[in-house]
Each structure stands twice: as structure tokens, then as C-alpha cells.
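According to TrEMBL:
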DOMAIN    267-306  domain 'RING-type'
SIGNAL    1-21  signal peptide
TRANSMEM  47-70  transmembrane segment
TRANSMEM  133-152  transmembrane segment
TRANSMEM  172-191  transmembrane segment
TRANSMEM  212-232  transmembrane segment
């Protein structure tokens, strides 16, 4: 296995030397040779393989220097956590798809490299509790590893912070928070190592060690929880900045030469006169395109009047998009239907007034609730109104059978009276349905 590794390393060095020699042989100078290497895909593939080999060699050196040799369970735990870490990190980096380049690959490899050593430091400190004898070499290695990892994490956190301040939201946000999480991990490892060293100096087991470990994990976990909320806010800011820049490139018009000649147009972001390459915001203020892009990476407002450009752009889109025609209500009555009903029964108008008063009184709380909630569009396919009370049936107590038969009636006049009553009831029900359909149409129009 070692021979095979040495052969692969030798082959990678040979290919790298051949690629570099070919580039310098064709271009003769340093700068053209570097341009040729970066533009050639086969050359870049060979250089990526060589970089991977160098990272592997550096990892071997770190392992020998700080760990000596890894145990079987440590290797398995690191490999198991590596798959989840790569998946989670790749999902977080999808927010910044435009920043994928060779520098991003190098930073991602470096992050994964140091993350593996953080995990191994955790495993080795936990193993320290189960080991009866802790040598001075073990303590020196752990102290050196903790110092190196703490310095690396602190540097990358500060670098990501200042880069974000200068250039706005970028992929450095994700790297910064990843290293911040690693810094909390190495802090927890350092506290555990200190507690284990104090415990090893006691002749008897230290009873308070478990309490201190519990509080340490609680504090570190709370800190990482706060970092998660902050990271979510940073991701939202990055998405808003990308949206504002995209709107600037697609929706905001370029400032015309006539607008620039009307007066001395000065970009208040860089304090220089605008001659070309300017964008006009919806509030009619003009700025340099590059200045506006850097401004939108920090905040999404106009630098002059503080107008929220995202809300204004959304409003403009809604105005430009034609509103769909409201669907025609089903079973809509003909224009002359109500007049024919009123002409058929002169008592229909008075009935409609009473019916309208009762229905408005019953549905008024519902209408107020709809207006209060500010619903922009509500479809009322059917309205459930309060039904008018039916007349109470006559009281038959005390009536004889003959009197009941006289009330029922079997003559022609009684039958015609019953038919007329049924027709009137049918007419009133049709009028009620017409009123219900009109109320539904009015509510769909104004609500």
C-alpha cells in the first residue's frame, strides 16, 4: 500500500512538472505562462490533483506531529462525520452559487481539512478520560494542537468579518460561521482537557468534574444556537441583496445622456460626477452601477431618500401585471328578471326591503371581520345567511274535527287559494335567491 501511495505521489509530481515545463516552453514568460495554465482545462486538472496530493501529505505530517497514529474507532468516527459535514456545507453554499471558483475550492478544502482535526481532537480528549496514564508527550501534543487550531479559527473568523464589512454579503459569510462553530468546538475541547488534567492530579476522583462538564456543554450549546440564528439572518440579508442587484440589472433603466446633461449629477456614494454607466432608481435618483451594486450588498434602500427598492419593485410588478377578470357568477339573473318578478307580485318590493334589513343585520359582523383582517381577495361561492323564520302553525287545541275540515276546505275556491299561496311562496323564494346572488356579486366586487 505504501509503495502504491509513493507511486501516485511521484506520478503527480511528474505530471505537474511536465505541465509547468510545457507552459513555460510555449509562452517563454511568467505571466503568459500563468494565463495559459489557468485557461487550459487539462493543466488545471493536473494542478488540482497535485494540490490534493499536497494536502494529503500535509495531513500526514499533522497526524504524525500531533497524534502519532489514529486508532480504528477514531478513523471510523471521522469518516462518518465527514459525509454529513460535506453535505451540510454544500447545502449552505448553494446560496452563493455565483462565487464558485478555484479560490472557493481551495477554501472549502482548507475548511474540511481543519474540521477533521477538530473532530480528532475531540476524540483524543475523550479518550484521555479512559486512559489511566497520560504522558507528558500526549499533553504537549494536545496543547500544541489546541493552540494551532484556535489561532487558525480566530484568523478566519476575523478575515470573514472584515471581508463582509468591505465587500458585502458573499461566500465568506458561510466560511466565517463555519470557523466560528469550530472555534466553539476547540474551546470546549480546551475546557475538557483542562478539567481532565485537574482530575488526574487528584488522588481520588474529582466529584465536581461532571458538574463543570455539564455547564460547559450547556453554555457552548447555547452559544452555537445564537450563532445559528445569526447565520439565518445573514443568509436572509444575502438573498435580499442578490434580489436587489438582480432587479437593478433587469428592471432599472440606464440613465440617458439627456438626463446626465440636465445638471451636474453627482453620485453621493462615491462623491464623483456621473458621466456614464449609471442606473436610475424608481425614485428618479441616479447612481453609478458599480456603486449601487456595492450599496445593495449592505442595504436595499435608496442612498438619497431611503426608499425601499424591493417593496417598490414588487409594487411596480403588480401594477404592470394585468389583473385577471373576475369570473362571472353562476346562475346570474337576466337584467329584466327582477322587474318581471316585481310586476308579477307587487308585494315583492316590500318583502325585499325587509329581507335586506334582516340579512345585512346578520352578516354585518362577518363583513367587519373581513375588512379588519385586510383580506385582499375573497371568493364567496355561497353565503350562509340567516334564514327568515317561518310562520308558526295554527293551534289546533280545542278545535273539533268538523272545524278542522272546514279550515282545510275541499271546494274549488279552497283549492285555488292553496295554489295561489304556493305560487306566491315560489315567487318569494325566487326573489330571495336573486337577492343572495346580488349580495355575492357585490361582495366579490368590493372586498
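Cβ atoms here come from the backbone N, Cα and C positions, even for glycine.
Beyond its flanks by at least six residues, the transmembrane segment (47-70) meets 8-9, 12-13, 15-16, 19, 37, 78, 105-106, 109, 113, 116-117, 120, 124, 141-142, 144-145, 148 of its own chain at Cβ-Cβ distances under 8 Å.
Taken as a whole, the domain 'RING-type' (267-306) shows an average pLDDT of 82 in this prediction. Look at the domain 'RING-type' (267-306): DSSP puts its residues at 8 helix, 10 strand, 22 coil.
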